[in-house]
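I have placed the structure first, in the form of structure tokens, so that the comments after it can refer back to it.
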């Protein structure tokens, strides 16, 4: 299959992956209205074309939390990334490292912190959930610090798991799910050989290191599901802010008042996000939520954004709406599933190329030049 655009990787991933895995990353909550609007609202935003601006010295570089990024992009935390390619977190981290951007390891990664961090040169970011088992949280934070993690991404929009109906249809969950997954793996021999056989162990590395005695991936997913904490409040985050001395980013902000609370809390950054449309269907797309949040807190902390970003043009649109940096989630997993580390590296090259074209034709020589005046319309 020819890959000529960043969006080509989705079809390539669908061909390679068993349906239960493809639809797990591709799907969203309930009827998936927010999932769809994340993409459509962003792609509907019109950029303002400018000409004859001497764009010969264009640069994508930016600064974030004391780091120089080759472009204002980081790879988002995505659970089970190691099921999409053999030791997938390591492959994705290496690709990000080679292109000069951060990689964020998920709490529910297949590869543990101690396997991923030594595989790359630049400091890694780590994502953590609020769980009932505070001992696990402290253990994860201590291990992250020991591994040289610089930035903590704290996900707060998952006090309960979202209802993802597509998973029951695809075989990720529901009746006879294990048998259905085995049948799907048999009909996808490349994945079965590369990941199903040689990608073991298939557990959640960060959790198995803490719990020990693994009894299978489903056991860990069950433990995680029972540990999400609906009683979470800002007060529950105070001990983490005291413990974690590096940059701390609150992920899952969709309302300006919550963004202001993050400033008062002392967060270094926020991620404007609806969890890729995977939690509460019917909420605002990130593109629609971002402008008001940026107006409320820009300059008080760093603003990151995710959900719906598929191309370099989308990156420029998010920056124009008020983001300092964006996180890529599904887009990099599609590329990883299709072509491994090389696929993620190529995706990032395509994103950078698309950004350069968009910036050249909107008259923005530097990332700081991208703003609301780069747009004809807001979402």
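Glycine is treated like the rest: Cβ placed from N, Cα and C.
Note on the domain 'FMN hydroxy acid dehydrogenase' (1-379): mean pLDDT across this stretch is 94. According to Swiss-Prot, the feature domain 'FMN hydroxy acid dehydrogenase' maps to 1-379.
Look at residue 24 (substrate binding site): DSSP puts it in a helix. Residue 24 (substrate binding site) counts 23 other C-beta atoms within 10 Å of its own C-beta, drawing on all protein chains shown. Residues or ranges marked as substrate binding site in Swiss-Prot: 24, 129, 164, 278.
Look at Swiss-Prot and you will find 106, 127, 155, 251, 306-330 tagged as FMN binding site, backed by sequence analysis. There are 26 other Cβ atoms within 10 Å of the Cβ belonging to residue 314 (FMN binding site).
Per Swiss-Prot, the feature active site, proton acceptor maps to 275; the stated evidence is sequence analysis. All protein chains shown were included, and the count of other CB atoms within 10 Å of the CB of residue 275 (active site, proton acceptor) stands at 24.
In space, 275 is the closest of the recorded positions 24, 164, 275, 278 to residue 314 (FMN binding site), judged by Cα positions.
All protein chains shown were included, and the count of other CB atoms within 10 Å of the CB of residue 278 (substrate binding site) stands at 25.
Packing around residue 310 (FMN binding site) is summarised by its Cβ count: 22 other Cβ atoms lie within 10 angstroms of its Cβ, all protein chains included. Residue annotation for substrate gives 24, 129, 164, 278. The furthest Cα pair among them is separated by 19 Å.
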